[in-house]
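Structure, as structure tokens:
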Amino acid sequence: MTTVRTRIAPSPTGDPHVGTAYIALFNLCFARQHGGQFILRIEDTDQLRSTRESEQQIFDALRWLGIEWDEGPDVGGPHGPYRQSERGHIYKKYSDELVEQGHAFTCFCTPERLDAVRAEQMARKETPRYDGHCMHLPKDEVQRRVAAGESHVTRMKVPTEGVCVVPDMLRGNVEIPWDRMDMQVLMKADGLPTYFLANVVDDHLMGITHVLRGEEWLPSAPKLIKLYEYFGWEQPQLCYMPLLRNPDKSKLSKRKNPTSITFYERMGYLPQALLNYLGRMGWSMPDEREKFTLAEMIEHFDLSRVSLGGPIFDLEKLSWLNGQWIREQSVEEFAREVQKWALNPEYLMKIAPHVQGRVENFSQIAPLAGFFFSGGVPLDASLFEHKKLDPTQVRQVLQLVLWKLESLRQWEKERITGCIQAVAEHLQLKLRDVMPLMFPAITGHASSVSVLDAMEILGADLSRYRLRQALELLGGASKKETKEWEKIRDAIPG
């Protein structure tokens, strides 16, 4: 019998996401329940955004949760390399094969031409898609232009009529019309593959038998299915998991909920409690119990118990469940976990340089730096009273800063400062006009250690979480204000 092999393939482009852990958990449970193997693969073909630091954070975050893998970049295995950036020659081979067989073609269209074509299609109220301009170029012309160094990509051919039947383990057969599909780029101009080619090639060569991924990928499934057909390969069984959602039913996003695994670690949640909560996202134990271990989930795992209704990621329910785990610990276990969380040597070393020069004895540390060890901070609206700005302007500044920080990819002091500076300058303010608002929002005090250093240490999700708390305290933004301020946000450079 074929060994079940599943995988998770995150992109190392930012903080490790709870959605990644959610999909990893279900892939792990499915594999283990069937006596199979679970593989971790890194999708780092976005060279501008991918970093090894983010990759390591993914490893650390998943391991903190208790998720282990059988093969991967850090543990090796017989199907490596496990980083897509190290497999370029493999993708090139299969891309060329598709072109030779007439299933794909070389496209020289410039971004400007593509934008113009799409604009015309949208003006005619047509679905924007590639118009096939380069699909029938003579072979000698293609060779000549490639040899001359002209920028090009490889696109796959897709049917324009009929439907593709997508066999989904949760929904049964799903029919998707081919006229919704574009002629997908397979190899980019930089010589690296897109998601579609890399996933199909890697899943085949790594012997993946079952693919559990988020349902946001279901509409593009026909492209993957067609690639398997073109290559003549057996297709893995497909399962499209329901998306995690905010309490308002929108897709889970950092704008409405902290999404970073490291945020929950910093907040003092137990890893087994967070994993337990993710396991309850759209799935339930046969006896409906709410608290269970990873081993118990694996033992009873059955995809038929997955609910297609979008599971709500609710911070209050997670906190309640975490409390259940805490209260069932022995006093010794509780003390060990608190010590591990509060006295983490690596974290203390980040804080120490900012505190050491400001205290005369250790008893002064807690009042000065206690905000480093809490989730939210006690807020006093009077701390946001400003000599130069009225209450509406105060809320506007905080909202604009929050929005700019939400778009920040690399959480570093210089970039954080740049975001705040950009907001200040656009509003014709000075940085010193804005910083008095940042101190109470982030630290709970009118003054403290450098708030910019503090934000870098606290991390993106926790800093943004506290800014949201401050905005809520001050009344938030009305719908009218939100629309007006979004226009201002979009005009801010950077």
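Cβ coordinates are placed from backbone N, Cα and C, and glycine is handled just like the others.
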Item to check | 10-20, 43-53, 76-86 - the range that Swiss-Prot marks as motif ''HIGH' region' | outcome: 10-20
Checklist entry - From 126-130, 136-140, 251-255, 336-340, which range did Swiss-Prot mark with motif ''KMSKS' region'? => result 251-255
Item to check | Sequence-remote partners of the motif ''HIGH' region' (10-20) [C-beta within less than 8 Å, at least six residues beyond its ends] | outcome: 40, 42-44, 46, 49-55, 57-58, 60-62, 214, 243-244, 252, 259-264, 274, 278, 313, 409, 411, 459-461
Checklist entry - Just counting, how many other CB atoms are there within 10 A of the CB of Cys109 (Zn(2+) binding site)? => result 17
Next on the checklist: Applying a 10 Å Cβ distance cut-off over all chains shown, what neighbour count does His136 (Zn(2+) binding site) have?
Outcome noted: 7
Checklist outcome for this item: Its Cβ having more other Cβ atoms within 10 Å than any other among the binding-site residues Cys107, Cys134, the winner is Cys107
